[in-house]
Amino acid sequence: MSQALKHFLNLTDAGGDAIAAMLNDALDRKSARAGQPKGKADADAPLGGRVLAMVFEKNSTRTRVSFDIAMRQLGGSALILDAGTTQLGRGETIADTARVLSRMADAIMLRTDDHAKVEELARHATVPVINGLTDLSHPCQIMADLLTVIEHGKALPGLEVAWLGDGNNVLNSIVEAAGLMKFNVRIGVPEGYESDAGMIEAAVLAGAGIRVIRDPVEAVRGADVVVTDTWISMGQAHAEAKLAAMAPYQVNDALMAHAKPDAVFLHCLPAHRGEEVTDAVIDGPRSVVWDEAENRIHAQKSVLRWVFGQI
C-alpha cells in the first residue's frame with residue numbers, strides 16, 4: 001500500500017487539524033454554490049472523472065443519496081453495489097472485492113454492520129476507503145454534525161454536548177470528535193447501554209471532558225447541543241426491555257428546557273417520533289436536523305477531497 005494512500009475509517013485517521021481544514025472547506029464550498037441546482041458540478045470540478053464505488057450491506061437513504069450528490073457536485077460519479085445483488089452476497093471475500101474494485105473505481109465507500117469488514121477492505125484496497133457506517137462508528141455523520149453546529153454559530157473548543165439514549169456508533173464518533181476538537185460530552189445513558197470504553201478513554205486522554213450521567217436532566221443541564229438517535233436498530237433483540245430502559249431519556253420539551261436557551265437539537269435520522277424524540281422537539285425552533293441532513297453532502301465532499309489529497 002502506498003504511503004500516500006488515505007483512508008477515512010474513523011475520525012482519528014484524519015486528526016484534528018485535517019478535520020478543521022475539511023470543515024472550513026465544506027463551509028466555503030457550500031457558500032460558493034448557494035442557489036445552484038443540486039446536480040450541477042462545482043465550478044472547479046475537483047474530482048472530474050473520478051468514480052466512487054459505494055458498497056451497501058445495510059439499507060440507506062441519507063448515505064446513499066448524499067455520497068452520490070457529493071460526487072456529482074465534485075465533477076465525478078458514483079455507482080451503487082448492494083451486497084444482495086453482487087458476489088459479496090454469494091461469498092466473495094472482502095479482500096478479493098477490494099482488489100477488484102480498486103482496479104475499477106478511484107475510491108470505495110462501505111456501509112456495513114461489521115467494522116472489521118471496512119478495516120479489511122482498507123488493508124487490501126489500493127484506493128482510498130471511506131466508512132459510510134459500521135457498528136462501531138459513523139465518522140461521516142459526525143463531520144456533518146460538526147459542520148451544522150459551526151453554521152449555527154457555535155465554536156467547537158469547550159462546546160458542551162449532551163447525548164441522550166443508546167451508546168451506539170454515532171455516540172462513539174462524537175466521543176472521538178470531542179478528543180480531537182477539544183469539546184465535552186455528557187452521556188445520558190441507562191446502565192448497560194454505554195458507548196465504547198476504549199474510545200472514551202482515548203478522548204479523555206486527548207483532552208475531552210467525557211462524563212456518563214444516569215440522570216437525563218443533569219446530562220442536558222446547560223448544554224449547547226442536545227443529540228439523540230434511534231433506540232432500536234433493525235433486527236435488534238430484546239426491544240421491549242430496551243425501550244423501557246430508554247424511556248426516561250426521551251428528548252422532549254421538558255428536557256430541552258434544561259439546556260441553554262440557544263441550544264440546538266441534532267438527530268442523524270431516521271427518527272422514531274414518540275420514542276427517542278417528540279414531534280414538538282424535532283419540528284421545533286431549536287431543531288437543526290434538516291440542515292444536518294443536507295450537510296452530509298457538503299461534509300462528505302470535503303472528506304472525499306481529503307482522501308484524494310486535495311485538502
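Using N, Cα and C of the backbone, Cβ positions are placed for all residues, glycine too.
The carbamoyl phosphate binding site annotation in Swiss-Prot covers SER60, THR61, ARG62, THR63, GLN87, ARG111, HIS138, PRO139, CYS140, GLN141, CYS268, LEU269, ARG296 and is backed by sequence analysis. Other Cβ atoms within 10 Å of the Cβ of ARG296 (carbamoyl phosphate binding site), summed over all protein chains shown, number 25.
If you look up Swiss-Prot, you'll see ASN169, ASP229, SER233, MET234 marked as L-ornithine binding site. Every protein chain considered, the tally of other Cβ atoms within 10 Å of the Cβ of ASN169 (L-ornithine binding site) stands at 25.
Taking Cα separation as the measure, SER60 (carbamoyl phosphate binding site) is nearest to SER233 of the binding-site residues ASN169, ASP229, SER233.
In sequence order, CYS268 are the binding-site residues from GLN87, HIS138, CYS140, CYS268 with a C-alpha within 10 Å of the C-alpha of ASP229 (L-ornithine binding site). Counted over all residue pairs in SER60, THR61, ARG62, THR63, GLN87, ARG111, HIS138, PRO139, CYS140, GLN141, CYS268, LEU269, ARG296, the record's binders of carbamoyl phosphate, the longest Cα to Cα distance measures 30 angstrom. Most Cβ neighbours within 10 Å among the binding-site residues CYS140, CYS268: this distinction goes to CYS140. Counting every protein chain shown, the Cβ of HIS138 (carbamoyl phosphate binding site) has 27 other Cβ atoms within 10 Å.
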